[in-house]
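According to TrEMBL, the features are:
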- 93-112: transmembrane segment (TRANSMEM)
- 124-142: transmembrane segment (TRANSMEM)
- 197-225: transmembrane segment (TRANSMEM)
- 237-255: transmembrane segment (TRANSMEM)
- 275-294: transmembrane segment (TRANSMEM)
- 301-319: transmembrane segment (TRANSMEM)
- 325-343: transmembrane segment (TRANSMEM)
- 355-378: transmembrane segment (TRANSMEM)
Amino acid sequence: MKRGAILITLLVLFLYNFPNFYGYINPPKDKVYLGQVSWFDPWDINVYVSAIRWSQTHGLKFQNAYTTMPHKPIVLYPLYTLLGVLFPSTNPFLIFNISTVIAGGVLMLTIYRVSQAFLKRKGINAALFLIPLAGGFGWLFYPKVFLPDITMTPFTFASTFQRAHEALAISFYLISLSFYFLGQKRNSLKYLSLSGLALGVLAFIYPFYLLSFYLIFFIYALFLARKRKSVQPIKNIFLPIALSLPPGILYSLHLLSSTAFKGVFSPNLPTPNPISLFLGYGILSTFLLMQFFLKRKWSEHLIFLNTWFLLSIILSYLPTGFARYYLRALFFPATLLVLSQLKDFSLFFKTRKKSLVFLLVILLPTTTFIILSARFAMAFGVGGEISNWSYVAKEEYDLVSFLNKNTKKGVGVLSAYFMGNIIPANTGSRVYFGHYYQTPNSQDKIKVMSKFYANQMMEEEAKNFLQEEEIKYIVWSSEEKEITKKGGASNLRYPFLKKIFENDKATIYEY
């Protein structure tokens, strides 16, 4: 990396990571910092941190901390469980945040190197700046209209740079596709092998990408076979497939062997409609559409990048709950397509290339800068922007500290959603409900949990419920009290519960 690229890398890493570390330095008075300042899905961050905390005591194989029922442990979130094993005494949130910085650095280096396979040298720094920060027109319509670039986790790189496993996964994602492109270009077994090996590693994080990669491989190989009048490009597909398919199948079977994570593997996450997608890619959408009206030859790299982008868009509409994850990292090929055709676009629009670059630099990062500004505001408490997912009242956090210091690791705890989400990440205890996908059958459990806190269970029914679900401790804090209040009572009316902790904000009962 040259000086300009290094400065861009440091800037991007600072913008994405500083808010997470500021809370350790200067938390608000009477608040406890919860280890993260997130725009996208802070509840998911707690899941990953719970994997680190769990592995610090139990090893590489992970048991779902968001259910109290015992089950077979599996290798899930392997990066985080490995970090937990390697650093058993370090604060799990600190491990998560430091690993995120390191993984972000790896991703920036990957973007820098992979871009060189598709761009001339002069465009590399522009790609390095724009790709990590790119967004669409979400800033223009928010909050009246929720476009994916400002509301959907996998759409831009904004969430990728806040999760270590995602940053590393996308690094292997980009490496695999770029090596495949170079392998076909040079008919190189070395590059094709590296592509397959990188995809095999990616399969241990996101096995569903095998489908999109194999289709991209095949369609691009068909184009090359026709262009070169040779079957060799089609033969070249089999090496990366042979290296990546066995680990992908084996790991998928391993994941499916446990029913405790079925909500994670089959989430119900709809893909935005085509208009939202078009607006979500912002100014890039206009250029990507206009490229089909340019008068020039279609080079191999343009065919490959378009195949990558368009096929992934199509796959995102498959009738599966995870299909929208095929949209992840598509700002990479989209941005490269525009940057690599700037000369043609400048002729088409009768303007200078510098003017188009200036337009991209102004418009593309706007949504991400708004997200980053909101995170900085939450970190600094500007204008009262303090998120409960980042800072919680000290008295309310005291119950978490009590559970961490005075209960056995892995013990079952009942609570409502908020406490249920943060308890596994901060104590190592397991909860009956704490995440809409990580918790199996979460909707059914919400109903049962609400019935318990609303005092709508008979005494024997409540006892059977706690015994069957292996729940030993019951949390009664602000959210749980609201459920009790809606049930027409001011206290829990189960005489068999023993109060073991109480302050002005929260109570813990033991069964």
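We count from 1, first residue shown onward.
In case you wondered, yes, glycine gets a Cβ from its N, Cα and C as well.
Tallying C-beta pairs under 8 angstroms between the transmembrane segment (237-255) and each of 197-225, 275-294, 325-343, 355-378 places 197-225 first. The stretch in closest packing with the transmembrane segment (355-378), judged by the count of Cβ pairs under 8 Å and taken from 197-225, 275-294, 301-319, 325-343, is 275-294.
Beyond its flanks by at least six residues, the transmembrane segment (325-343) meets 111, 114-115, 118-120, 123, 126-127, 130-131, 134-135, 148, 152, 154-157, 160, 166, 170, 173-174, 206, 208-209, 212, 269, 271, 277, 281, 284, 287-288, 291, 294, 301-302, 305-306, 308-309, 312-313, 315-316, 318, 353, 356-357, 360, 364 of its own chain at Cβ-Cβ distances under 8 Å. Remote same-chain residues near the transmembrane segment (301-319) are listed as 117-118, 177, 181, 211-212, 215-216, 219-220, 223, 271, 277, 288, 291, 325-327, 330, 333-334, 336-337, 340-341 (criterion: CB distance under 8 Å, separation of at least six residues from the stretch ends). For the transmembrane segment (275-294), the list of distant contacts is 134-138, 141, 147-149, 152, 155, 302, 309, 313, 327, 330-331, 334-335, 337-338, 341, 344-345, 348, 359-360, 363-364, 367: same-chain residues at least six beyond its ends, Cβ to Cβ under 8 Å.
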